[in-house]
Amino acid sequence: MAWVGPVSPYLRFFRQSFSTVNPAKPPPPIPLQEFTSLCYGGQIKEAFHRFNSEIWKDPTLFSHLILSCIQAKSLLLGNQLHSLVLTSGYRREKFVANHLLNLYSKLGDLTNARKVFDEMPEKNIATWNAMVTGSIQFECNEDGLSFFREMHQSCFMPDEFALASVLRGCAGLRALYAGRQVHGYVMKCGFEFNLVVCSSLAHMYMRTKSLDEGEKVIKAMPILTVVAWNTLIAGKAQNGYSEGVLQLYKMMKMSGSRPDKITFVSVISSCSEIAILGQGQQIHAEALKSGACSDVAVSSSLIGMYSKCGCLEASLKVFSEHENGDDVLWSSMIAAYAFHGQGEEAIHLFEEMQGRGLEANEVTFLSLLYACSHCGLRKKGMELFEMMEKQCGLKPSVQHYTCMVDLLGRSGCLSEAEDMIRSMRVKPDAAIWKTLLSACKINKEADMAQRIAEEVLRLQPQDSSSYVLLANAHASAGRWKDVSEVWKAMRDKNVKKEPGVSWLEIKNQVHQFCMSDKYHPEYEKIESYLKELIAEIKKKKGYVPDTASVLHDMGVEEKEYNLTHHSEKLAVAFALMHTPPGMPIRIMKNLRICGDCHAAFRCISEVRNSEIVVRDGSRFHHFRNGKCSCGDYW
């Protein structure tokens, strides 16, 4: 084996020490306890200095030194030890070689791990397992599966850890077919009821979107461990079954299993997705009681949950309880500020983060660019975009470019935004073209909207929102014939417009509303209340319905009726009827709030002296005292 590694003065010292050993005089017995205490206490240099002659005589002592390098995560010192092993002639000692293989596989130097492995004259189950697990641990999943195949061909039977690792590799590759083959092998080897293997098997099915197969594996397990519950819960969460996650969480507690930090991350994230604040607060209390809130990942999830439920102050409180949080925690708080349209605060927090020496990642910059685009901070956004690549060495993804297109489009620089899309180094997707299409609608550029819509529909022919944006652009220009042609194209291609849906939580119960939703049990009361409320804001605040935002050529009265019965207006009316005066109202909506509802909510917040928080498909709006946190810039 040709070994090329760094040769430090420290290594030269070791070699000189070895050259002074007199082989004619056997050394006295080594006090092993003292030697190992030095090694595992991190005093590796001291161990070398004091016991170099004994190490030279007894190659098994290299194992303690190598293990201490693994403990210290020192690959450099491990390389130097390897050079000494080669110099001393002990390279083919099976005991030492196994430890070297363990060193490289655990510290991620898979190239040298392979060199050691290839040189080994007598490979065994432990060495094969080390190559399989080491490769997959460091996300070299294809290499891990290749080693597993070679292992099988060499007639070595894997143990539970090798099988669990190769299943994680299949999950990482989303390789369902390969995973099913391994499942068959698991059953052939008699591991179908092994808890470690079954948990990894279920995880593989969950990650490859085969939830039913994953559930079958878990339900067949003799004991449902916390790991098994977490696998099932995380699988549901990752595939968007948020309500199912909460149901499983209840079942887990009823079974006597105690949720851990991994459980809480999945469950809290699911509360974020469906924005149920009451349930989220209850789970927060349970996480506090269990001590899981000391974990940064749990706290980061809580920051996201409170933010998405409209409670920015609660997010800030969780953040402030972790003075020494990591970059993920800080990025979570920056994202919370961004989502609520507080761009200046997001940038200030980023600057403080830099001052603490924490590294920003791609997610941090995505949140910052998002904040700039939603607050009109064009100059700062351009600076951050440039900093991301030139100073931080991070390559912008299509999502980062989408934020920049949004920033330019909102500033009226449509041509510049289009040039950016056509010249960027990553392939544009439908979302980035749709962002520019939305900017065309805002800036009433109907001709450009027509051209950009063609780009979107080329990638997503059945995307209803693109047709709606195009129709909006034509309607804002008063081109009703073109609007009709858009609706006709949708009918011809059987494209259905996504209905607007709004929901809110009152006393731990979620109430959902659709436009003109006459099926709600209190619909008549809601309609009557809403009619009085609209009349009140017209009289007191001069509210005038924005009939121009109705995308159909109809009479003024019909347009006003249409606007009054938007889902978010029904939700706000219901909330005002069922909450004490002055209590904040939080509404969630699947689509972007329309201009008329935005204007109406400013007036309602003032005449009812109430804070109305709306999370639409793009961001949060906080309506207070007749104003919105977005500054009418959305």
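Every residue gets a Cβ built from N, Cα and C, even glycine.
Annotations in TrEMBL come from automatic prediction, not curation.
As the structure is a computational prediction, the values presented were derived from the model and not from experiment.
Pulled from TrEMBL, these are the features on record:
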- 542-634: domain 'DYW' (DOMAIN)
- 93-127: repeat 'PPR' (REPEAT)
- 225-259: repeat 'PPR' (REPEAT)
- 326-360: repeat 'PPR' (REPEAT)
- 463-497: repeat 'PPR' (REPEAT)
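Note: the repeat 'PPR' (93-127) comprises 27 helix, 0 strand, 8 coil (DSSP; helix = H, G, I, strand = E, B). Residues of the repeat 'PPR' (225-259) grouped by DSSP class, helix first, strand second and coil last, total 26 helix, 0 strand, 9 coil. Here the repeat 'PPR' (463-497) is broken down by DSSP into helix, strand and coil counts: 26 helix, 0 strand, 9 coil. DSSP assignment over the repeat 'PPR' (326-360) gives 26 helix, 0 strand, 9 coil. Per-class residue totals from DSSP over the domain 'DYW' (542-634), listed helix then strand then coil: 37 helix, 16 strand, 40 coil.
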